[in-house]
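Engineer: What follows is a single structure, and I will ask about it in a moment.
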Amino acid sequence: MVGGNPAHDAYGFRYWKDPGPFVEYLVSGSTGKFLGFWSVFVQAAYAYGGPDCVAFAAGETRNPRRVLPSVFKRVIYRLLVFYIFGVLAAGVLCPSNDADLTSGATGAAASPFVIGVKRLNISFLPDLINALLMTLAWSFGLDLFFISSRALYSLAIDHKTPALFRFTWRGVPTFCVLAVFAVSSLLAFMSASTSSIEVFTWLTSIVGSGVLVQFIMYHTIYIRFRRAQMAQGIPDIDRPWYRKGQYFFSIVTVICYIIIFLTNGFSVFMKGQWSISSFIFAYASLLSLLVPWVGYKIVRRGGWLTPLKEVDLYAGRTREQMDFNDDPEMEAVTKGQKFNK
C-alpha cells in the first residue's frame, strides 16, 4: 500500500478514487450507485452468518454459564478484525470494476485478495491465499454442518421431528448428521447444468436471505421474552446478564432486518430483469420458516401464541440456578486455560 511490494507501487487508496467506492447497478447515475450499495446487503448477510453458532455449542460445552459469556464478548472484536478490516483490505487491493471478480473462475481466483496480489506481481501469495480461503471455506462448512445437525436434533428432542433423529452414538446425533450430509451433498449437482458463478449467486442469495430471516427471529424471540418478563413483573436486575436499551435496540434492529429482507430481491422487479429462479432464491427462505410452523400448529391444534403471563421463563434451569444473582460456579482450570480470560 505504501510501496513495500515487488512493484514498488505506493497505490494507497487509489481504487477509492478510480473507479471509486460505488458502482452503478442496473441503472446509471446516482440511483444506480445507490442500488449497487443496497444490493450488497444480502451478500453482507451471507458473510455475517455464522458467529451465532457459539450459542449452538452451549449444549456441548462444559460449564457454559461460566465459559460462554466471555466468548460472546470476544465475537464483536473478531467481527471488527476479520470482517470490517477484511473488507477494507479488499477495497484497497482490488478495484471494484475488475473483470475477474465476476469471471466465475474456479477456486478462489475471483477473490479480491487473489486478484489484488496478482496485480502486485507477488508470485507465491495467490497460491497461499487460495489455500487459506479453501481452509476457511472448509471450516465454515463444518460450522454450518454442526449447526444444522444439532438444530435437527434439538427439534427431535422437542418432539417436532421424527423420533429417529433422537438417536445418538457416543454423543453424536447419527441420523441427524446423515440427513444433513445427504441434503447438502445434493447441492453439488447444481452446477452440473449451470455456470458456477450463477449457482454461487443463487446460494449466496438464499443463504443471505435465510440469515436475515434467522436474525429477524432471534430479535423477535428476544422481544417477546422481554415482554413476557415485563408482564410477569421480573426486573432486569434479576437477569444474570443485561444491557440498558437492549429492548429498544432489538426493535430497531428487527425493523431494519425486515426492510433489508423485503428488498433483497429488488433487482427482479426492475424492467427486463425478471427471473423466477432469482425470485425464489431471494424469498423462499421465508416459506421455509412459515410452512413448517403453520403446518405444525394446524396438526397439533395448539394455540398460536402462549399468553405472556404463561410463558415459562425458567424452563431448563435447575433449582440451584434459580437465584440469578449467584455467580456461575467456578472450577479448576488447566495451565493453558488460565491464560484464556
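Using the three backbone atoms N, Cα and C, a Cβ is placed for every residue, glycine included.
Because TrEMBL annotations are produced automatically, they should be read as predictions rather than curated entries.
Dumping what TrEMBL says about this protein:
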type: DOMAIN; residues: 2-301; note: domain 'Amino acid permease/ SLC12A'
type: TRANSMEM; residues: 75-93; note: transmembrane segment
type: TRANSMEM; residues: 128-147; note: transmembrane segment
type: TRANSMEM; residues: 167-190; note: transmembrane segment
type: TRANSMEM; residues: 202-225; note: transmembrane segment
type: TRANSMEM; residues: 246-270; note: transmembrane segment
type: TRANSMEM; residues: 276-296; note: transmembrane segment
Engineer: Hey, which bits of the same chain come close to the transmembrane segment (276-296), Cβ under 8 Å, at least six residues off its ends?
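Structural biologist: Residues packing against the transmembrane segment (276-296) from afar: 42, 160, 201-202, 205-206, 209-210, 212-213, 217, 261, 264-265, 267-268.
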Engineer: Using a Cβ-Cβ cut-off of under 8 Å, list the residues of the same chain that are 6+ residues beyond the ends of the transmembrane segment (202-225) and lie near it.
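Structural biologist: Counting only partners 6 or more residues beyond its ends, the transmembrane segment (202-225) has Cβ contacts under 8 Å with 42-46, 48-49, 52, 187, 190, 246-247, 250-251, 253-254, 257-258, 260-261, 264-265, 277-278, 281-286, 288-289, 308, 311, 313.
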